[in-house]
Each structure stands twice: as C-alpha cells, then as structure tokens.
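Annotated features, as they stand in Swiss-Prot:
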{"type": "TRANSMEM", "residues": "337-357", "note": "transmembrane segment"}
{"type": "TRANSMEM", "residues": "415-435", "note": "transmembrane segment"}
{"type": "TRANSMEM", "residues": "444-464", "note": "transmembrane segment"}
{"type": "TRANSMEM", "residues": "547-567", "note": "transmembrane segment"}
{"type": "TRANSMEM", "residues": "572-592", "note": "transmembrane segment"}
{"type": "TRANSMEM", "residues": "712-732", "note": "transmembrane segment"}
{"type": "COMPBIAS", "residues": "791-801", "note": "compositional bias 'Basic and acidic residues'"}
{"type": "REGION", "residues": "791-824", "note": "region 'Disordered'"}
{"type": "COMPBIAS", "residues": "815-824", "note": "compositional bias 'Basic and acidic residues'"}
{"type": "CARBOHYD", "residues": "Asn844", "note": "N-linked glycosylation site"}
{"type": "CARBOHYD", "residues": "Asn874", "note": "N-linked glycosylation site"}
{"type": "CARBOHYD", "residues": "Asn955", "note": "N-linked glycosylation site"}
{"type": "CARBOHYD", "residues": "Asn1002", "note": "N-linked glycosylation site"}
{"type": "CARBOHYD", "residues": "Asn1170", "note": "N-linked glycosylation site"}
{"type": "TRANSMEM", "residues": "1268-1288", "note": "transmembrane segment"}
{"type": "CARBOHYD", "residues": "Asn1360", "note": "N-linked glycosylation site"}
{"type": "TRANSMEM", "residues": "1370-1390", "note": "transmembrane segment"}
{"type": "TRANSMEM", "residues": "1475-1495", "note": "transmembrane segment"}
{"type": "TRANSMEM", "residues": "1514-1534", "note": "transmembrane segment"}
{"type": "TRANSMEM", "residues": "1549-1569", "note": "transmembrane segment"}
{"type": "CARBOHYD", "residues": "Asn1579", "note": "N-linked glycosylation site"}
{"type": "TRANSMEM", "residues": "1655-1675", "note": "transmembrane segment"}
{"type": "CARBOHYD", "residues": "Asn1761", "note": "N-linked glycosylation site"}
Amino acid sequence: MDFMSPKFSLTDVEYPAWCQDDEVPITMQEIREIFVELMDKFGFQKSSMENMYQHLMGQLDSRASRTGAQNALVSLHVSYIGGEHANYRKWYFAAQLDLDEEIGFQNMRLHGKARQRNVKMAKKRGVSIKEQIKQWNEKEQEFINNHPKITLTQEQLEDQTNLKSADYKWKLKMKKLTPENMIRQLALYLLCWGEANQVRFAPECLCFIFKCALDYDISTSSSEKTVKSPEYSYLNDVITPLYEFLRGQVYKKDAKGNWKRREKDHKNIIGYDDINQLFWYPEGFERIILNNGERLVDKPLEERYLYFKDVAWSKVFYKTYRETRSWKHCFTNFNRFWIIHFAPFWFFTTFNSPTLYTKNYIQLLNNQPTPQVRLSVIAFGGTIACLVQILATVFEWGFVPREWPGAQHLSSRMIGLLFCLAINLGPSVYVLGFFEWDVHSKSAYIVSIVQLIIAFLTTFFFAVRPLGGLFRPYLNKDKKHRRYISSQTFTASFPKLTGRSKWFSYGLWVFVYLAKYIESYFFLTLSLRDPIRVLSIMDLSRCQGEYLLGPILCKWQAKITLVLMLLSDLGLFFLDTYLWYIICNCIFSIVLSFSLGTSILTPWKNVYSRLPKRIYSKILATSEMDVKFKAKILISQVWNAIVISMYREHLLSIEHLQRLLFQQVDSLMGDTRTLKSPTFFVAQDDSTFKSMEFFPSNSEAKRRISFFAQSLATPISEPVPVDCMPTFTVLVPHYSEKILLGLKEIIREESPKSKITVLEYLKHLHPTEWECFVKDTKLLSMEKSFLKEAESSHDEDRLEIPDALYDPRSSPLSDHTESRKLPTEDDLIKEKINDLPFSYFGFNSSEPSYTLRTRIWASLRTQTLYRTLSGFMNYSKAIKLLYRIENPSLVSLYRGNNEALENDLENMASRKFRMVVAMQRYAKFNKDEVEATELLLRAYPNMFISYLLEELEQNESEKTYYSCLTNGYAEFDEESGLRKPIFKIRLSGNPILGDGKSDNQNHSIIFYRGEYIQVIDANQDNYLEECLKIRSVLSEFEELELNPTIPYIPGIEYEEEPPPIAIVGSREYIFSENIGVLGDIAAGKEQTFGTLFARTLAEIGGKLHYGHPDFLNGIFMTTRGGLSKAQRGLHLNEDIYAGMNAICRGGKIKHSDYYQCGKGRDLGFGSILNFTTKIGAGMGEQLLSREYYYLGTQLPMDRFLSFFYAHPGFHLNNLFISFSVQLFFVLLLNLGALNHEIIACFYDKDAPITNLETPVGCYNIQPALHWVSIFVLSIFIVFFIAFAPLLIQEVLEKGIWRAASRFLHHLLSMAPLFEVFVCQVYSNSLLMDLTFGGAKYISTGRGFAITRLDFFTLYSRFVNISIYSGFQVFFMLLFAIISMWQPALLWFWITVISMCFAPFIFNPHQFAFMDFFIDYKTFIHWLFSGNTKYQKESWANFVKSSRSRFTGYKSKTVDDISEDSGHDSKKARFWNVFFAELFLPFCVFLFNFTAFSFINAQTGVSDSTPTSAVFRLLLVTFLPIFLNSIVLFLLFWVSLFVVPGLSYCCKDAGAVIAFIAHTFSVLVYLLDFELMWFLQGWNFTRTLILLITCINMHLILFKVFTTIFLTREYKNNKAHLAWWNGKWYNTGMGWSIILQPIREYFVKIMESSYFAADFFLGHFLLFIQTPIILLPFIDYWHTMVLFWMNPRSIIAHKRILTRKQRALRSRIVSKYFSLYFVMLGVLLFMLIAPFFAGDFVSSPQELLEGTLFEGIFQPNNQNNNDTGPNAPSTILTTTPTLPTFRTVA
C-alpha cells in the first residue's frame, strides 16, 4: 500500500480544527516529518507509522475542535506524558526514575539481593554508595535553596515521599518543551505503543521502553550524523523477545513443530502482570541483565535502549503474586466479611445457649451459668476475629513472594495480631481455667466484663480496618525510602467518594447490617435457643449401639445433630446478609430512580407533552446556531427522522406513521403552508385522545419512544455543537458469531428435531412487523412489475402509476381503483394464492434482492452482527442529522447540490465517529461469511475491519502474522475475494495467547480514533433516537471544557484535579425478553444487573466494567493496560479486570441512566447455562487474581462491602445456598434417625421449661423439629428474593400491571425450577474451577432454542453438575419425610424436581410421544455404544472424560481419531481435590453413617443384642464390587484369547463382552438393593438410610482410588477398546502395554458400578416422565408454557415427514415402547415386592439364628418404649434443690 499516494494523504478537510487554526503551534507537515524521522531512527514499520500519525492527528483535531490547537496539544501531552493523572508521570515518580536520572539505580540503597549486588558492583567501580547519596542530598538541598518557590518544612525535607522538589524539576523540564518536543514525545510514545503487541498489556513495561527510547532520542537529536535503523528493528529487538518469553510461559513446541499449551497453572506462569510489576520498583530494573551478565542499570541512560536486544529476559522475570488455586484467597481477600459474620454469630448464639456452659445443668431447675463464665464465653468472639486475621496473614505469606519489593511486612503485623489474640484469649484462660464454672469470682467477673468490651472493640476494629493497613498503613510506612509509592499508585489510588455518594454508601451498609443483625437475632438465633437446650441435655445412654463400635457413637447422636444444626444456622446467617443487601439495594435504587426521574411512576414529569421542548433543549445545541429558526421546525426534523427510521425498520405501519409525523398543511389563509404537530404529544395527557392508536399493540416502537421521552425528562448534560464534540470509536470484537442469516437457515427447520422454522418463529414473535414488511415487499414487487411492463410496452401513461409508490403516505394505485372492475371471486382467490409466498417467505421471486430483504428482516430480529452494525452505524446518521439541523446555512451554501452537501455531512460523521469491527478470522472466512461481510462493507463503506493475516514467508517454517485494517473503500483483491488492507502491521507472532477476545481487542485497539471507545458485543443493537444523545453521554467524561491554563509552570500550587472518568456505563435493554420463559429470565437478570444495580453501584463507587455498551476513556485505558486483561483462563471474564484496574489506578466509573443500547441474551436452557458456567468459572479465576487481593485488603469498609456483594458475594452466596441445603439434608438424616428411634414427649410450647416432661424418660425433640420449618422458610425467602429486583425494575420501568403480569408469567412457566437449577450451576462451576481449574470460554448459542435435544445429551451434560446430587437430595428428603414428617419439607420437592428434571422440563418438545420413545432408543444406544470403535457420543467416552478431571491426560499420542476431542484437562493438584472431592464427601459419608448407626442402635429396646450394622454396610457395598471384579477378570481372558478370533466373523464381539459385563453389573446392583431390604428386616426407613450410606461409601471409595492410585489417561481410547476386543497388540502404547491392562481392570471395576448407577438413574428419570407423556395435547401445552406461544401458532406448524420416515419412526417406537414398559415393569416389581415380602419372610434373622452371621440382620417391629412405667429409675421426676454459687475474690 503506497501511503505517499494522494489517495491517502491527509488534507485540511480531514483535520480542519487543527489545520485551519491560525495559531496552530506546529503544522501537519512538520508533524509528519517528526514521525518519519522517528521511524527511520528506531526502525518502526512504515504502516504502523502512518497509522499512528493518523491516530495522533485524529486526537489533536478532536481536542482542537473545542479548545484551539495550542491548548489541544498541551492537553494531549498532559494526558499522555506530563499531567498529574498521566500514567507515565505517575510511573516516573513511583518507580523513582527521577532518582535514576540524578544518582542512578546502581548508586541507590535498594532492598534484598539488589542491595547486595549494588554494593558489590560499587566496590568494583571503586565508588561508595553512601558517598554518592550524600553528594546527591547536598545537590538537592542546593537546588531547593536556589529556588525559593519550593517551600518545604523540616518534616517534608526528611520525608522522601514528598515530591515537591521533584515535581518542581518535572514542571521545569516540561515547561522547556517546545511544541515540536511535545509532538516528538507523543509520537514516540504512540509509535512504541502501536507496535508493542502483547506488551500493551504491561503499561509500565511500555513506559520503561519509551523512557529508554526517549533518552536515546534526546542524546542523538543533537548529533549531526543521521541515525537510521532498518524497518522492523523496534519489533525484532525490543518487542519480540518479550513476546517470545510470554508465549513460552504458556506454549511449547511439540515434535511436529506445532505450538501446544503447557500444563501449568497460573501460579507457575509468569504472566502480563508479573512482567509489568517488575517495572514498578528500582529493584526490578536492577534485575535486568544482559546475555553477557552485565546489568542494564550500569549502562548510561542514553545507551540503554540499544541494549534491549541483548537482555536475557528469561533470567529477569519472576512471580510477583502466586495465583494458587485455593480457597485461602477468600480468607485473605475477604477477611472482613468473615469477621462480621463469624464474630456476631458467636456473640448471638453463645448468649442464647447457656446450657452449653452451665455446670450440672438440670432441666427441671433451668439453672443458669455464673455471670463471668457467660461473659467470657461470649467474649471468645474477639478471639475468633483474631484467628481470622492470623489465618488471613499466614495465607498472605504464601500468595505474595517476599522477594517482591511491594510485598507488605507481615512479621510486625503478625506480632500485633498475636498480641491481640493474647489479650482476647488470656482472660478466658483466667476465668474458665482458674475457677470452677459454678464458682462466682468478683475478679473474674470484672475481667470478663473487660474481656467482652475488648472483644467488641477488637471485632469492630478488625471489621473496619483493611488488612493492608491494619495497625498502620503500610503504604505510608518507610517514608525515608519512598518504598511503597508504586503500590499506592497502581493498586490503591481509589477515587474518594464525596457528597451524596459518600453518605449514600455509608447509609446503605448501615441499613443492611442493622436490619441483618436485628433479623438474624430475633428470627435465626432465638429460634435456635430451644433446640440447643433440648439437644445439648438429651441423654441417649439407653441405646444398644453396634456390635463393633458399641454404644460409643449412638450416645453422641444428639450432640452430632446439634453441631449440624449450628452449622446450618451459620449458613443461614451468611445467606440473610445477601438477602438484606438485595432489599436495601432495591430500595436505594428506587430512591435514585425517582430522584433522577427515570421511573414511569413519576407523573409530575409530563413526559410526552413536554417532549418537543426537551428535544429542543437537550438534543439540539441551538445556542451557537448561525441562523435562528423557529424551534418547531428544528424539532420536527428530529422527530420525523426518528419515526421514519422506525417505519423503515417495519416497526410502524403507514397509518401509524401518518399520525406521528409533523406534517405541512395549508394555513387558514391558504397562501402559506404551516407545520402541524402530531396529536401524539397531547394525547398522552388528554383522556379524549385515548382511543387513538399511535402504535401497534405491545410494539417495539412504543417501547423505544417511551424510553426516549422518559430519558429526556432526566438531568442530561447540555450538548455541544457537532463540530465541537469529541471523536469516538465503536469497537466490536467478532470471532465466529453469525453475520447475516442465510436463506436456508430461516426457511428450513434448524434440525430434524425442530418443529418450527426460524422465520415462522420470528413471524409469531413480531406479527405486526411482518405485516408491515410484507406490505412493503408487495409494493416493491408491484413497482418492479409496473416498470417491466412499461419498458416492454413503451406506454408512457403506465409509467405514471409507480410514482405513487414512492410516497409512503399515499395508497398504492388509489387513483385507479375507480376505473378498474370490481374483482370477481376467482380474482380474489387468485390474489390470495399469489400472496401466499409473501405471507410465508416475504418474497415471491427467487431474485437475490428479494431473498436478501427477508434475510435482512430476520437478521435484524435475531442476534447477528448485521443487527449490531446497522444499529451502531446510526451514530453516523445521528451526527449528520444534527449537523444539518444545527447548521441550516449549509443547505443554502450548497444551493441544491445534494451530493456536495452529503459529502460535507459524511466528512463530519467520519471525523467524529469510527466503527471498527475486530474480525479476527476475516482472512479465513468461508464463502458465506465473505459474502455477508461484503454486503456490510457495501452498505457501510465507512466501517473499518481489523483482522489477522497469516503469511508463510519463503524459506521459513514459521508463519508471519500481521494486524490489518480495511474498509469499504479499499481495493478488492480478486485472488482472495477480500478487500486489500489499508494498514498491514507485522506482529511478533500469533497474538492470540489468551482466551481470544482480549487478544482480538488488543491487536485492533491501535486502529481506534479519537478520545473515547465504546466497546460492544456482536449481539447488540442501537437506535437512532439513542444515538442522538451521544454528545451528552460523551460529556459525562467531564473533559469537554479543557482547562486553558498550562499546568507546567513550576512553583504554582494548582487546584487538586478531580479523578479522571475512566468508564461511563450505560443501560441495556434486553431485546430477547418476552420470547419464552428462559429468554425472559435471562433478559430480566441482565436488565436488573445492568440497570437497577448498576445505578446504585455507580453512585456508591462499586460499579466495575462489564463490557457491553460502556464508553471508555481511550487515553486513560490504553496507557494503563488496555480494554481488558488477557492471561488465558485467569482473565476469562476479561472486561471486569479493566474496571478493577481503572479503580485501583484512580479512575472513576460512572453510570448513565438516560442512554441505553439493545442487547441479546441466551435463549435456550443449554446456552444460558453455558453462560452461567462461564461466569461462575470466571469468578473462580477472579478469586485467585491479584486485583481481588488489592481491593479486598485495601478498600475502605463501605467500598469493600459494595465491591464484595456486587461481585464475588453473589457467587459465594450461591455456593452457601448449595452447601446449606446439602448440610441441612445431612442434618435431616440425623434428626430423622433420632426422631424415628425415640419416644417423643408431649409438647406444649407455652408450658414452663421447668415442667416435668411426660411420659417420664421421653425425649423432647419437638423444638428441633419446629426449627426445621424456620430453616425451610429462610431458604424459601432466599430463593425467591432472586425475583425481587426484576419485579421492582418492572414496576419502575413499566408500571405495576406489567410487573405483575411478567411475574405471573414466570411463576406459571415454572421459572422457580430454573432459578434453583441456575443456583446449582453457579455454585458447581465455581467449586469445580477452584478444584480442577480449566476455566475456558464457552461459546453460547445466540439463536432460538426451538430444537429438541436428546435425552442422553442433557443427561451427560448435567448429571455431574446437578442430577447426581439431586438424587442424593431426593433420597435424603424421602427419608426425612417418612422419619420426621414436617409440612415445610414439601418445599424441597421443588428443589429435587429442579435439580433432577429441569433440563428435561425446559427441553422443547420433551413430551412429544413418538420423540420420547425414539429418545429412549438413542439413550440405550448411548449407554452400550463406544465399545468396539470410538464414538464421541457414548457413555464410555462420557465416563472417561469425567474421570480425566482427576487424572489428567498423558502427553503421548498415537494419531488416533479419538485424540481429537479437545482433551485439555490438566491433572488437578491433590490438595485442591482433597478438600472438594475427598474431604467434603467423607464428611457427608461420616454424618450419613452416624444416622445409619443410630437408627440401627435399638434405642430403648431392652434385653437386645447389638447387631453388626457396620458389617451389613460393608457387605452391601463391597459385594457388587467383588462380583463385578470376578466377572471382569473372567471376561478379560475371554476377550484376550477368544474375541480376536471371533472378530473376523463377528465384528461386534467386543460389544457383546461389554454388554455382558454391564448387564451383569445392573443385575448385581438390583439384587444388592433387594438384599438391603432383606438385611434391614423389610423396614423401608432403615433400608433407605442404608442405601444412602452405601451410595456415599461407593463415592468416597472410588474418588479416593481415582485420585491417589490411578495414573493419567491416554488421550485415545485404544486401551478401553482393547479391554473388550483383546487387541492389545495394535494400541501403539509401547512398553506401557504391560501394565496398562492392570490399570484398565481397576477402571472397569469402577465403570461397572458407574454404569449401573447411570442405567438406573436414566431409567428413573424417564419413568417419572411416563404419566406426563400420556396426557393428551401435552406437547402443545408444554410448548405454550416454554415459548409463550399462541396455541394456534403451535398447531399450525407441524413437521412434514415422508412416508419412509414415518414408517421408520413407527417401527422404532413400537420396538422401544415394548422394551421401555418391560423395563418399567421389572423395576417397579423389584421396588414394590419388598413391601409385601414381610408377609412371607417376617423375621429374616431367624434364617441364620445361631450362626456367625446372626447379627447381620436388623430386627424389626421391636418394642422400644422404655418411658413412663418402663423408664429407668435414674431419671429425675422431682425438682431438686437449686444449687448455690460459691463466691470467691
């Protein structure tokens, strides 16, 4: 590309604000010469130079347009280099570069090993560091003395963090800069940045490169000799070595020369942040060594740049923060969260549980503990707070390497914490250890009071103070050495809240915690008081126990139940905080909404009647108009443009358009024409107009106009003239998202399992818009046909007819209706027949122009890139419209030359707005994608496309990568079929090192223009009326009025500048709402998060950046690391890191409530949960990140809570819900077992505690059972609070009626089931990520979810996530209901149904009769396939991939097809797996076992012998495993010696062997279940607890074996196939073939058990659905509920099948219908038979009486009533005397 050609030269037209300024400080030509000179000197690429030249000129022009050229240059230099908020200046002082220039890093007293090396090198040079520092101090003092404007006190002189003198020197240096110098510095920085590639993610590293380059440039500028470097020198010498180091951390080359990912977790990867943080401290610079061992700091400043190519980067970098995959991060980062929950919970609970610490408590007396014991025990809460802080500090030691200079000093903090622990714990030792608990001591009482006060103070202090500045802020420490300025600057420069925001923040959290503590105390803690009392004193010594264990375990059953109850209550204590946060946040958001006027419930705003005036005052900048017009004329142009745009989008019919337009009508005098306003503005406030319809019912047009009017009633910044507005860019990342729907995609079913086409579904969703579209198309068709007829007959009269077609307000052919004959019936029928293609497809001709219209219509109503770009290109239309309206002299200037006028408008739009689509794959697009892209480029030629180009250079094996830019005006390359690049910038290598999106944004960011960037996803939309507000939105950055004073005058105390606005967020309208329950739920959540919560969070400083429609300050963000972060996995939710980075570095984030964009959301069950999984896993990665560490340990208390509950708190809350429910069910097992085996007392809640409980010897368990109802109510509220924000948002936005309607729709559509399931997915994805890692980008479906998914697909996708645990909950719930019936437990059936059946309930057409049985066939096939050849969709593959999470994969491959399944599982660390997958399941098993042992302990049965419950459990657990192992052992030899021979005649011999093994396992487990009944004496309750315990024992055994003993998996499935077919010889495994069969043997033993479980579970899920599929018309009702479709629409769209297809389906259904019901009958019989078996074998134990196995049976129907007359004599029946306390000093 020839940049010197006139075609690409920059002219005055392109940058008029700069070029036409009379006082321009430097001309464009001079600027260009500077760029060229720098390019030659440093070896920058020519293409990059041209790009950066245009970039700088665009920014200069943007600022000059509103402030003048001189001020524009200075302000830009201030923003990039020299200003108070410029990142370069901050870094320069933070990293002590000023001292490097004056004394040199090599002569400074550094820390750690850097100090030793400095001393050693100083000795070599023969200088003294001490002497050097002394000389510098003398020079510094001399400088201060010579400049009287520097006024420093003695304290400031000693304080080296005081930068007054350094600032003075800096300003002195800046003041000396000429405009040429400023441009040179800006140009050099931009050129360095423009080719920095991945180094752009390390802003301080880039600053260092720029600093070295600047020093070199300054030193060589004065020399007469011209310094030149070859092109690509900068890239090859400076950037590529750094890139190669970064790439080498994540990838390595395999034997074939391909780059493969390393199996390293984040803590072992030196990432972008680690590299960047090296450049924060002098100690980091000192580490930079060259290949010859010399240090870079020992080289002169002006020569350092030349040595970059010799730096040994691999020896320089190290980890500055360890992202260890551990829950410990949560303890350190959120220590205050734990303190404000653990300590108050302890205070509340211990105060209300005196029985736990009362010596010799007797219920008949209800004697109380001594006061000092009570106070001391309560005061232990302070000790808990200390322990939390100590643990947080210990864990911090592991995260932050001590060698990093920014690491906090933890030793002194630990000493302080140990002291706090001592003063909190010491009194308890004195009070509880030195005195008996029934002795009253005055001294101990005083000590306990003081201890309690100290505990409260300690808890409050630790709760409020950030961990990073616990006893004294570490950032202010060590002032004499400027040590921690970098940490302050880059991690803790949080913008302060002021005024309303500050009090809002304080108020919110005071209200939340006040309400929380009051509610928790009275509702949670007081309800626990009685259960604690009854369980803590319950004596279970009358249980017989177990043969092996005796009564040891059963005696403690009440205490075990109490511990579980306390833990469950603690879970609720955490949960209800989030509940109150939601409630208070909603209330505060309502208050904000009313104060801003954004609510529909603010009638005083006169939204519609004042709309014209508001358009005039808030949309138009009329103050500087050159010609004054009546306001009405200007308003009409804006309003008509808006409604006509809606008409063109087919949102309005011609009739509606006529009612909404401003129209010219004849005046009463008749000689002039006047402008008539539409009655619409008056109608909304006047009841007489209510009958008039201005919009179609429930139309998109009405919603848009309504929001537009509402938004203009809110406070909006006054717009500046168009030519003064800042330039901005819209950036749209695109990978493989749909660009434009193809014809086949919209008129054919998505798959054979869809029953409706996309077009039909769209017609159902948008009936009015389709009608308008069809009318429009018919008019166009008629017009073309008239033209054709006219051309063929040359009849001029006929040519007049189409003229009417061009006027949308006239009816077609209206003048000819009278002359035509009335149509006959045949004519009408013929006309209807001719109209059929229009109504069905939108066209009646296969011409591309017609089909394209239908494709575009459909694409504009789905989530396509075409919709996004057509929406956001409205900015261009809006700018042109506003410019033309506000500059009426333009029209007269061009005097009817519309083309010239249009060119002028186009130039203005191009100056102020640029659209960049980051089409990463553009060069690899297929034919359809290229065609769609070309269509876009022709429609919007000003749209730019950035993309990656790969070229294989001659004689080189490595590909060369280029970052390219093109647009619709670029030349067409006939060879590739693509546009030729305008810019082609070589990269160091493949830029996609991370998850993709961040890297794509990063390589494209160099092509942005202007000052601001709006980041958009490829599934959004925008509207003309919203684009008209762009000037007001950009003014939110508070940079429109630039300060004309030059900030570089030394000695002047400038006013403190407010923090820069980094991000301006905006609202989202989710256009995928109201199209089915799932789409509406997803839309509602996104809407509330993006609007309701964002409004409050922005006000209280808790809002971050969530991508989507936010506007970013281009200079602020690009000089601080870019738009997002990009380390693979760690930065999966990449956008939020930009927000955290901005907050940490002093940027402010705002929210604009008056501007909104459209946004699409996932619509199907699977795609929504894919998104949920991505977000949950991404949060797991965020918890490990250093940003969370900085925010969690340094934010003030109120800001910390805002950050926590808005981000990690939401996900941890889901985890707490999941854990609380699981813990509660384990409690129910133990409480149910207790209730089942004891004789309960008669309970009267109003009776005094001291009354004798009857019958004598009974157990008072009713308070504990009552507490269960309270727990269930709490969980119910916590679940349903998820609907509150959406409900409130709907009330505010659309009114009470619409809100109630939407909420009712959700309830009737079973939305609560979906909410429960989503909660489970969130918690599972978070837990799994922190256990196994492997978070990755999951592409979510953006199409309509109208396709039925197979049962096995849903089963395999969700069984590990929810269905397995759902069935465990089902069994536990069933046990709880039959052992301790409570009506409240019925709520949990919703949980069970959701966890087990939600995937099937929300599957389209799940209950279609024939499809259901065809599904059964595919499920059976899935179970038994994959054993003779590799099948991706098979149970064998599913179970292997599930296992690989624990084992990981071997790196060895044999080029087998089975290795292409995306195996990227890393082997998880043992200690990560230990907690989540071993310890927690073991705890569940342990508590299951306590319930199991107690229910078999024969409590209250006299003269009985303990049974062998443990042996019984071991028998039913190991018997099927043992039998399976024998069968597998025998089948192995059969497969080894028999199957290879049989395979020649019977290809499926291996499958037969697998079938035998798996079928045998199913039968064995079926018999094992019957054996459980038999051994438990046909008692269903006891059998159920044995089954539950057996399942958990299986789980823990298999997980332990898999984790500890199993080696890694091969990526191929050769070993699996060889096990069944015996062909081990061709597996390609080498010598490992010897031991592989042994490994496979143990794997197959476990797989046999897993197979049986999946077989039974799958069938159970299907059998439960049987009654539903037999209901008449169930498919229609189900579809109506899911998609909110009209029943008529459902019936109208039946899939048409051929006769052959119908016959095949019938055969399959008849065959598998029979199999299905046979299986159902067998399993039902095996389940029901044991209920009646007791009638035939009533006492199984008699069969083995007198033998060794006699105790293996559990007796049934025993008399366990040992109360009343049978009660032991040891039980108190009379009230004893009250013991008196002994009093001592």
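Even glycines carry a Cβ here, placed using N, Cα and C.
At the 8 Å Cβ cutoff, the transmembrane segment (1475-1495) and the transmembrane segment (547-567) share at least 3 close pairs (sequence separation 6 or more) and count as touching. Of the glycosylation sites Asn874, Asn1002, Asn1579, Asn1002 has the largest number of other Cβ atoms within 10 Å of its own Cβ. Residue pair Asn1170 (N-linked glycosylation site) / Asn1360 (N-linked glycosylation site) shows a Cα separation of 14 Å. Contact between the transmembrane segment (572-592) and the transmembrane segment (1268-1288) is supported by 3 or more Cβ pairs under 8 Å, counting only residues 6 or more apart in sequence. Taking pairs at least six residues apart, the transmembrane segment (444-464) and the transmembrane segment (1549-1569) share fewer than three Cβ pairs below 8 Å and do not count as touching. According to its DSSP assignment, Asn1579 (N-linked glycosylation site) is coil.
The stretches the transmembrane segment (1514-1534) and the transmembrane segment (1549-1569) meet in space: the count of Cβ pairs below 8 angstroms, excluding pairs fewer than 6 apart in sequence, reaches at least three. Residue environment of Asn1360 (N-linked glycosylation site) contains 15 other Cβ atoms, counted within 10 Å of its Cβ in all protein chains.
Taking a C-beta cut-off of under 8 angstroms and a sequence separation of 6 or more, Asn844 (N-linked glycosylation site) has the following same-chain neighbours: Ser781, Asn834, Pro837, Phe838, Tyr850.
Following the DSSP three-state reduction, the secondary structure of Asn1002 (N-linked glycosylation site) is helix. Remote same-chain partners of the transmembrane segment (337-357), defined as residues 6 or more beyond its termini with a Cβ less than 8 Å from a stretch Cβ, comprise 331, 368-369, 373-374, 377-378, 380-382, 384-385, 388-389, 437, 455, 459, 462-463, 513, 517, 520-521, 524-526, 528-529, 532-533, 536-537, 566, 569-570, 573-574, 577, 1201, 1204, 1209. For Asn1761 (N-linked glycosylation site) paired with Asn874 (N-linked glycosylation site), the C-alpha to C-alpha distance reads 82 Å.
If you look at the transmembrane segment (712-732), the same-chain residues 6 or more away from its ends with a CB under 8 A from one of its CBs are 17, 58-59, 61-63, 65-66, 596-598, 602, 605-607, 610-611, 614-615, 617-621, 624, 865, 868-869, 872, 875, 879, 882-883, 886-887, 908, 911-918, 1001, 1004-1005, 1008-1018, 1029-1032, 1034-1037, 1039-1040, 1111, 1114, 1123, 1153-1154. Cα distances from Asn1579 (N-linked glycosylation site) to the glycosylation sites Asn874, Asn1002, Asn1360 are smallest for Asn1360.
If you measure from the Cα atom of Asn1360 (N-linked glycosylation site) to that of Asn1002 (N-linked glycosylation site), you get 37 Å.
Distance from the CA of Asn1002 (N-linked glycosylation site) to the CA of Asn874 (N-linked glycosylation site) is 25 Å. The 10 Å shell around the Cβ of Asn1761 (N-linked glycosylation site) contains 17 further Cβ atoms across the protein chains shown.
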